[in-house]
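Trainee: After the structure tokens below, expect a handful of questions from me.
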Amino acid sequence: MESSSGYQNLTETVDRKISNTFTAKRQAQDFEMSNVTVVPDETYTVAQAVDAFGFGKFQVKLSLFTGLCWMADSMETTILSILSPTLHYEWQITLFQEALVTTIVFLGMMLSLPFWGSFSDKFGRKPALTLCSVLLFYFGILSSMSPNYTWLLILRGLVGFAIGCSPQSVTLYAEFLPCKQRAKCVVLLDCFWALGACFEVLLALIVMPTLGWKWLLVLSTAPLLGFACVCPVIKHWLPESARYLVASGQTDKAIDTLKKVAHDNGKPMLLGRLVVDDIVLEEKNGRFTDLLLPQLRVTSILLWFIWLVCAFCYYGIVLMSTGLFESGNNNRICSANLDGDIFKTVQTCTAESHYLTTHDYIDLLWTTLAEFPGIFATIYVIDRFGRKITLVFQFTMFAINLIFLFQFAKNSRVLLTITLFFARGIIAGVFQAVYVYTPEIYPTPLRTIGVGTCSAMARLGAMVTPYIAQVLLKSSFTTSIIIYITAALLAAIASSLLPINNERNVKEYTEKD
């Protein structure tokens, strides 16, 4: 593992490329405004303007619309845990086919990442989000009309392709956030993710017993339709990224957007000439091979594994919860009896599958609500004990929590729900912690490619987990739980090997940039 000093040398080497032309401008970044602010060299960047305007009414309004997009993403992924067992019962599909419905969505998301990244860089964040919402709405409606399993796979794969654009909403949001509030605000934005998951379960509770899964797919597209309709109408509430506008040569539009930010936040507009941030230009030079430089190689590999396990465990708990509640209705959990042929055991074990009951949906809602305390607890812990310790502690607690499933899954529905509640809250918190840590660990020119690669690894983990949480769980409960416990403990070890000590915080990193 590389040393902390080795990482510091790399950061200094990369940052030195831009420091000669940018240091003078950065010295004027932190200043207070009285009536009118003038930058000494009569130029300013978008980052300087956003920091000067601070966090205010504009960011609050923007968070509502970007949060709506994030909420829609959550609903389309949460619905997988409800849709799969229903299709297994109605269409008599095998458990491997049931798992493939989930896998195909995440495969579409992973394959779409380069497309949406290129599209948003060329045409802007707002057009990308608008197109994403239209496609999600369109393919979501078509999914409800699927005549057979094959068509459902194709259409859900296209839904996954459209969902791949949703991280652009976080990018747009972050580009209007002052440096000091950026980390906390991005984490708090994930409350919309938790809200979307809870709303989807509530919608299923109301719709599934009467109208069925097809109407659930239709009604789940409501936030997407609202987002697509609002985008062209309320321009000031969801503006194009000023950073994108100035980088693409649309300086006048960027200035108009910044004036709107200043007006909403009650701050005067900066005087001087708006220029392109040198860091924006430098970021485009980041390459995948740079992540494997000697000073960063081990760090990158550790982060890829941690992100993979995060998604593997998070979506595993989501899918597992539905399976355990459904199995609980039969008053039995399948034991570890593979007999050398997992296919035969799966079919025997799932012969009594049926619709989820009202009681199942209520318990599922309780476990989903765990994401809210998980997010807020992580914000509290991460600021006091650091990113690294938080990751190690949460992964370890998640593994310990899963051990209780061996006893409670068979004997007590209440204790099973409580255990799953804590497990989901903890793993949701892990995701927030790793989201905060990863951008900080990479130098500015490698930040975009670094986070994007980690996100791709998370998709891979999400693609694999249905075969453990939905297939193996029904044939060998013990084996499937041991796999998740082992993965979490290995991720805890990987987190302990990360190079940055917990006392290094966001402010120190942003000051170095």
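Here the Cβ of each residue, glycine as well, is placed from N, Cα and C on the backbone.
Keep in mind that this is a model prediction, so the values were computed, not measured.
Residues or ranges marked as domain 'Major facilitator superfamily (MFS) profile' in TrEMBL: 62-503. Per TrEMBL, transmembrane segment is recorded for 95-116, 128-145, 151-174, 186-207, 213-234, 301-320, 364-382, 389-408, 414-437, 449-469, 481-500.
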Trainee: Residues sitting near the transmembrane segment (301-320): Cβ under 8 Å, six or more positions beyond its termini, same chain?
Mentor: 77-78, 80-81, 84, 102, 367, 391, 395, 398, 420, 423-424, 427-428, 430-431, 434, 438, 441, 450, 453-455, 457-462, 464-466, 468-470, 473, 480, 484, 487-488, 490-491, 494-495, 497-498
Trainee: Report the listed stretch (95-116, 414-437, 481-500) having the maximum count of Cβ pairs within less than 8 Å of the transmembrane segment (449-469).
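Mentor: The stretch with the most contacts is 95-116.
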Trainee: Average pLDDT across the domain 'Major facilitator superfamily (MFS) profile' (62-503)?
Mentor: 82
